[in-house]
Ligand SMILES: Cc1ncc(COP(=O)(O)O)c(C=O)c1O
């Protein structure tokens, strides 16, 4: 087990132990010996600090239990796992997780009107305002994952049998949200470049109005899709939706938190983001933001009254089931937020690094990029059927040979054994790591006599 994360955890565990001592330190009762209690408290704190120095404390026991070891790869490896990159926690989020690990810890100061987004201390209410501003919408709520955002919108807007327009690259959770609401998905086909074109969306809407006999209740499109990570013309698509009076949801699971997203400029009625995918937050977390026009519908409060007790819970929002994220999940999301907001301004640099790596990969003969190229995002789909997979065909480890070679070089996150068409993400890697990564792939190619037409990597 390695250095930085391990040390952080050890220190945090020690801090918790010290807190525990402090909690029990005050002697109670008439015969309490304050001096003895103080001495014992000091001795126990000293022992905890000695353990910390020697590496034999609580954190050590957790390591033995294997809790920390399994996640050491973030520290020891360059991780190119496609869906984790921008969800990795900041150190601030890690601390918040520990401090607010207890389930309802965010509710200590929950006062009237009893609802999560109204809590002032910690500043959850202002975080909601910040989130709405962040995506330039009027109102926002935290939700347990982007999928719960789709669900809240679909459940509010879609009735039984209503068609809903989605992309042919839409995420499965959008299908489920529509199905849960009783709607039917209608997919807009892709252009030859795997893009969603506004004209195709208009054609599909016309077709659906004819075939289903009604105007679609909602259009949901992925800003960046999960298959190719291509950027789609959200503004053009939203414009088409509005020409037919169809509300438009922008699925920003791969954009909110990594690049600037201006919901109003895009013409979105709803913007959904994923905390654990793109906002350096723990799972499940996400955001659903909307305009004043739609907030009353999607964030409607309960009108129900108990028939026996006459109870009412008026302030609670139906789609949010009252309150959503609690404890460590929300506090860690909040702790990461300043860094997340700031990093979106550096997305261009991330894209440059992504292109530099892909360029290096394309120098390996037979390798293709299936995503739009040059890249506009850090997630990319590559096809190595004509390069590494040729080696896999004859290697005794078959498709696992590439993973073996990458592991040896400290690279993790590819799907072991999948060496044909696969996805990777370079988000957050330094230039140094990008160059190392590129060199590593080229070295492996050369080792197995796959020609490399070098140009990008000079040293
Ligand atoms: C494009 C896209 N949308 C939505 C989701 C679901 O996001 P979440 O896990 O936050 O519900 C995913 C992730 O798996 C995704 O790739």
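A Cβ is built for glycine as well, from the same backbone N, Cα and C atoms used for every other residue.
251 is the residue from 159, 251, 310 that TrEMBL records in the pyridoxal 5'-phosphate site together with 146, 147, 274, 275, 276.
Within the same chain, residues at least six positions away from residue 274 (pyridoxal 5'-phosphate binding site) with a Cβ under 8 Å of its Cβ are 87, 145, 146, 252, 253, 254, 256, 257, 285, 286. In the structure as shown, the Cβ atom of residue 146 (pyridoxal 5'-phosphate binding site) sits within 10 Å of 30 other Cβ atoms. For the recorded pyridoxal 5'-phosphate site, residues 146, 147, 251, 274, 275, 276 set the reference point as the centre of their Cβ atoms, and the other residues of that chain within 8 Å of it by Cβ are 143, 145, 149, 253, 272, 273, 277, 278, 284, 285, 286. Of all the recorded positions listed here (147, 251, 275, 276, 277), it is 147 whose C-beta has the fewest other C-beta atoms within 10 angstroms. Max Cα-Cα distance over the annotated pyridoxal 5'-phosphate binders (146, 147, 251, 274, 275, 276) is 14 Å. Classification of residue 274 (pyridoxal 5'-phosphate binding site) by DSSP places it within a strand. In three-state terms derived from DSSP, residue 146 (pyridoxal 5'-phosphate binding site) belongs to a helical segment.
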